[in-house]
Amino acid sequence: MAGSMAPLGVKKERAAEYKGHMTFAVAMACIVAAIGGSIFGYDIGISGVNTMDPFLERFFPAVFRRKNLVTLNNYCKYDNQALSAFTSILYLSGQVSTLAAAPVTRNYGRRASIICGGISFLIGAALNAAAADLTTLILGRVMLGVGIGFGNQAVPLYLSEMAPAHLRGGLNMMFQLATTLGIFSANMINYGTQKIKPWGWRLSLGLVAAPALLMTVGGFLLPETPNSLIERGHDEEGRRVLELIRGTTDVDAEFTDMAEASELANTIKHPFRNILERRNRPQLVMAVCMPAFQILTGINSILFYAPVLFQSMGFGASWSLYSSMLTGAVLLFSTLISIATVDRLGRRKLLISGGILMIICQVIVAAILGVEFGSDKHLSRGCSTAVVFVICLFMLAFGWSWGPLGWTVPSEIFPLETRSAGQSITVAVNLFFTFVIAQAFLSLLCVFKYAIFIFFAGWIAVMTAFVYVFLPETKGVPIEEMVLLWSKHRFWKNIMPAMPTMPLEDGWGPGDGRGDSALAGADCNVHK
């Protein structure tokens, strides 16, 4: 491919020269770092305490009284803005704090943000477990949100930078796997603590301190990523860590890519301003659309309010928690499917197939509720079983597609100079839409009734088309060479401006064993 051109920064495609393999150091680093995902998942799942009578009676007495009114519309029993705020304030504070986390992550390293996130989680857990009034309860949720803002900003970046290129997809999904494990654990704990009256809810809210402590201690023990060390001028230490995590001293090609990316990164003084430039337009679009679409699948509405949703459909308190526990287990299992297949099948196939199945499931649930369930009647046992089964299928599809890949794709596409800023935008958009949906869902359920599922199905159709047209395949592309991908894409190459370039040598081309599976494959796979 002599005569091909590459932008300054990474000046030459060297992926074929990368050496190394999965090492114990990478495995341990990914496991400890991914604990941040388990806390995120736990905070999502633990919102199920909002169906426990002692919790409602203490903090939301109006909802507690309305819950048992037979005459009230089933769709509207939990429509209370204060109760919604208990769930949603977590994500509003996370949205604000993740923007503050970006300069910390860039200037002080990924570990610094992981440690800040862990300490914030510990404070939030203590406040929630000891809460005697609504103000303390909300303040605890705010501190947990700060932890999410720092943790979700740093952990996906940490995993992407530590992982070898050929295993990056699967290892990055450790974050989502830990998230689903956290959701499942929260559902299990809620199922048990609901029987401990009147203080079981305190145990549910306080147990987040256990993974938070592991995350904080792990943050002190983990090595910093070589990308961050080199970006901050610690080249020798960066090379030493790179050799450690790759299990070989032959890391010249990967080290050179990092050094060249760092050279450009250090010329960028205002990454948030730089990310708005035209040459970063594809990554910026993905950083906004991928997390927004992930939430607009409707998944968080089901995860936050699964017990409320199932009780609204006529399930008893125990059965509603049991059903949400079952859906959490399915989500955990499907994430394992994604980890096993993402680096073989690629990101696009998983996203598109998952989107199609989710649309079908949302439409089926809407049809069942529209025909069999109303304002003043409950579902029959057969219909209830069918709804739970279809929601489990929905969870299965989400778990292999938009669940993990909504985090993986944005974390791997940014060049080093805008990577922290880009991840902050990704997290901020995710948490903003999470906040909006969390705050509005109970009211939307009251107004839209069964049509709420049609609303989400429409969005899933839009996002599936978006992936088909605009997202290139990133499987197997080294993270520091990802910038070269966009200029080969059928749509984005018309958006990218002409930039200062240098000739490539020994690039990926037809017949070199990598062109079909990486950059060339990504270009051709846009419109199969």
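From the backbone N, Cα and C atoms, a Cβ is placed for every residue, glycine too.
The domain 'Major facilitator superfamily (MFS) profile' feature in TrEMBL is assigned to 29-475. Under the heading transmembrane segment, TrEMBL lists 21-42, 82-102, 114-132, 138-159, 171-189, 201-222, 284-307, 319-339, 351-373, 385-403, 424-444, 450-471.
Ranked by number of Cβ pairs under 8 Å to the transmembrane segment (171-189), the listed stretches 82-102, 385-403, 450-471 are led by 385-403. Of the Cβ pairs linking the transmembrane segment (351-373) with the transmembrane segment (319-339) and spaced 6 or more residues apart, fewer than 3 are under 8 Å, so the two regions do not touch. Here the domain 'Major facilitator superfamily (MFS) profile' (29-475) returns a mean pLDDT of 85 for the predicted model.
Counted over residue pairs 6 or more apart, the CB atoms of the transmembrane segment (201-222) and the transmembrane segment (450-471) come under 8 Å in fewer than three pairs, which marks the two as apart. Within the chain carrying the transmembrane segment (82-102), a Cβ under 8 angstroms from the stretch's Cβ atoms is held by residues 43, 47, 50, 59-60, 63, 113, 116-117, 120, 134, 137-138, 141-150, 152-154, 271-272, 304-305, 420-421, 423-424, 427-428, 431-432, 434-436, 438-443, all 6 or more beyond its ends.
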